[in-house]
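According to TrEMBL:
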- 12-29: transmembrane segment (TRANSMEM)
- 41-62: transmembrane segment (TRANSMEM)
- 83-100: transmembrane segment (TRANSMEM)
- 138-160: transmembrane segment (TRANSMEM)
- 167-188: transmembrane segment (TRANSMEM)
- 208-224: transmembrane segment (TRANSMEM)
- 236-255: transmembrane segment (TRANSMEM)
- 275-301: transmembrane segment (TRANSMEM)
- 313-331: transmembrane segment (TRANSMEM)
- 337-356: transmembrane segment (TRANSMEM)
- 368-388: transmembrane segment (TRANSMEM)
Amino acid sequence: MKRIPALDSIRGLLLVLITFNHLIWYSGGKTILQKITHEPVGVFGAAEGFIFMSGLLAGMVYSRREYTDRQAAGKVWHRAFIIYKYHIAGLFIAMLWFWLGSHYFAEQVKVFGGSFSNLPTMPFMTMLMSFLLLNKPAYLEILPLYIMYMLLFPLALYGFRRGYLKSVLALSVLIWASSGLIQGSMLVPLFKWLSAEYIPELGYFDPFAWQLLFFFGGALGYSKRQGELAWFHPKLVWLCAAIALVIFMAYRDLLSPLGITKKMVYAASSKPELGWLRVLSLSVWIYLISVVVRFFPTALVYEPLSYLGRHSLQVFTWQTVLVVITAPWLLTTRDSVWHTAIIVLLCTTLWIPAWLQTQRKEKPINLSSVVVACLSLVLVMTTNFTAFPQSTKSDIVASNDEVVTNAVPSSEISNNDLLSEPMSGDETPVN
């Protein structure tokens, strides 16, 4: 399967947008640039695009006819394990940074809010929950979602291959529609049974809702690979364009004279629960972008962004570490006139991991495995012999959408990329 340069560029753009917004939100700063970096054309953001594209490429890459069910499942799970190691490495670096900050710049570490609330008092429990993907601090939960969906994807692929694609999608829609009935608080008794003091950090996104994006993307990718996707129709283009325009105007509060307010848009487009309007807004833009790619294949291609997209796993992991490491410093610059310029400069470092990946001609060792092993050892050694200072509560709490005042206990928060896919044999590697 040939690469689609436009998809690489879109992935690269999503990486830049995610990084920029996370750096702003975690530091509590504001900038006019977020008018074009945060939901600029509708009620959906870069994270939704990443999850959808993850499924899309999974469906395209792992649905080769020559793969047996066992071979396809093995390749998917192998990829999931690679993503898992990168996630654990990034998470452990974040934990070590929090530990250092607790000792040397405790005031700035308050910017993390409750993201690492269990680490000072229950380091081993925190590490265990991290290994099980049940400890998901703010801005570190996209990869766990991707990993969980990849682990389940062979089941969907099995159904696709046997003609049950519509049934799989119907099940996905049913789970999405019922996701509001499944609350993170339902798991609290389990955590309390393990430890009375442990505060669950289950993340912002509801995995039962967000699976809709991944598995619909997977179905489209599968259909595209099998040559069964007849999607283009001129009337549908105009319909999607009209829907996109109406949603955009309502989101910008331009339809108030008609009784459609921005408050109504927010009510129908929950981000953590993936509201129906958010799904609709993303869907029509996916269709419109697909039309552009079909008739103007190079219109959305920009090589610097494509370069990021081709190495998205390394770049995404880099940005998670970058956001956490720079947050304490950015907290001190958020009122500076240079704050936005600093954020932009930090975003340019995204090309570093992409460049480093291209330089790794030979891989005598698995770098992510070594990083995970070393960081695990360091955490164990430091938590055995070091007492963590108890930080006072802050009125600054990091959220996936913004920095808000009035902290909310993690136990009360409900469960609420495209990353590169490996290809082997005669296919061009995606990453």
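We count from 1, first residue shown onward.
Positions of Cβ are set from backbone N, Cα and C atoms, glycine also.
41-62 is the stretch from 41-62, 83-100, 167-188, 208-224 with the greatest number of Cβ pairs below 8 Å to the transmembrane segment (236-255).
Counted over residue pairs 6 or more apart, the CB atoms of the transmembrane segment (12-29) and the transmembrane segment (313-331) come under 8 Å in at least three pairs, which marks the two as touching.
Highest Cβ contact count with the transmembrane segment (167-188) among the listed stretches 138-160, 208-224, 275-301 falls to 208-224 (criterion: pairs under 8 Å). Ranked by the number of CB pairs under 8 Å to the transmembrane segment (208-224), the listed stretches 138-160, 275-301, 337-356 are led by 138-160. Listed by sequence, the residues of this chain that lie at least six past the ends of the transmembrane segment (41-62) yet keep a Cβ under 8 A from its Cβ atoms are 1, 7, 10-11, 13-15, 17-18, 21, 72, 75-76, 142, 145-146, 149-150, 153, 157, 160, 205, 210, 213-225, 244, 247-248, 251, 265, 269, 271, 274-275, 277-278, 281-282, 284-286, 400, 417-423, 427, 430.
Only residues 6 or more beyond the boundaries of the transmembrane segment (337-356), in the same chain, are considered here, and those with a CB under 8 A from a CB of the stretch are 15-16, 19-20, 23-24, 27, 29, 31-33, 304, 307-308, 310-311, 314-315, 317-319, 322, 326, 330. Simply put, out of 83-100, 138-160, 275-301, 83-100 has the most Cβ pairs sitting under 8 Å from the transmembrane segment (313-331).
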